[in-house]
Amino acid sequence: MPRLSRWRWGFTWVAGMLFLILLMGVALQQAWVGQFDQAIIHLIRRPATSPWTGPMVAITTAGNPKPVTWLAILLVVALVIARRYRASCFMVINVLGWAGLGNFVLKNLVRRPRPTIDRLVSASSFSFPSGHSITVMLLWGTVIVLAGRYLRQHPGWKWLVIGLASLWILAVGISRIYVGVHYPSDVCAGWLLGFFLLSLTQWFFTRYGDDF
């Protein structure tokens, strides 16, 4: 498994600090958070009746817990069949561990209500952080890490996987804002926390073993 480079550590700690800033801003109801949210919402949802509505609803639905859980289970099973046991554990910890635990704890700690704008899909529980954004970052971030390990001899395929996974992470987050169930700060917090936790898990695995 590739060890974390100096720039990766830098991005990791920046992500952690930015997440804490967002967390404090939301918890203390700082004005700058509301201004940031309204500016991004106005940009993304203007107008919400555009041809993007159908694709955005489809993307956000694909990021729901049930399909994501089944996809993660299939990937774990595939890794076990391939005897990539450490990689399967890496996937389980990130997607079925960090994503669920972090989302549950923080939502019930912050208890931020969801946006009051018209919603295109239903959503329950609290708003901060975006569970879809945490999960998509941890799931497809894990895929990106594994692609970097297993597709080193096939750079074309490696960068294709990395590119598509990165676009999907971005698309799911934007879709949550578009359909009206999350503030942009919720989505950004989910991405930042997911990246931070992914890096910590990768660091742990590289510290106690060099290969998947």
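Glycine is no exception: its Cβ is also placed from the backbone N, Cα and C atoms.
TrEMBL has this to say about the protein:
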{"type": "DOMAIN", "residues": "90-202", "note": "domain 'Phosphatidic acid phosphatase type 2/haloperoxidase'"}
{"type": "TRANSMEM", "residues": "7-28", "note": "transmembrane segment"}
{"type": "TRANSMEM", "residues": "67-82", "note": "transmembrane segment"}
{"type": "TRANSMEM", "residues": "89-106", "note": "transmembrane segment"}
{"type": "TRANSMEM", "residues": "126-147", "note": "transmembrane segment"}
{"type": "TRANSMEM", "residues": "159-179", "note": "transmembrane segment"}
{"type": "TRANSMEM", "residues": "191-209", "note": "transmembrane segment"}
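Taking the domain 'Phosphatidic acid phosphatase type 2/haloperoxidase' (90-202) as a whole, pLDDT averages 93 in the prediction. With DSSP classes pooled into helix, strand and coil, the tally for the domain 'Phosphatidic acid phosphatase type 2/haloperoxidase' (90-202) is 84 helix, 0 strand, 29 coil. Within the chain carrying the transmembrane segment (67-82), a Cβ under 8 angstroms from the stretch's Cβ atoms is held by residues 61, 88, 91-92, 95-96, 135-136, 139, 143, all 6 or more beyond its ends.
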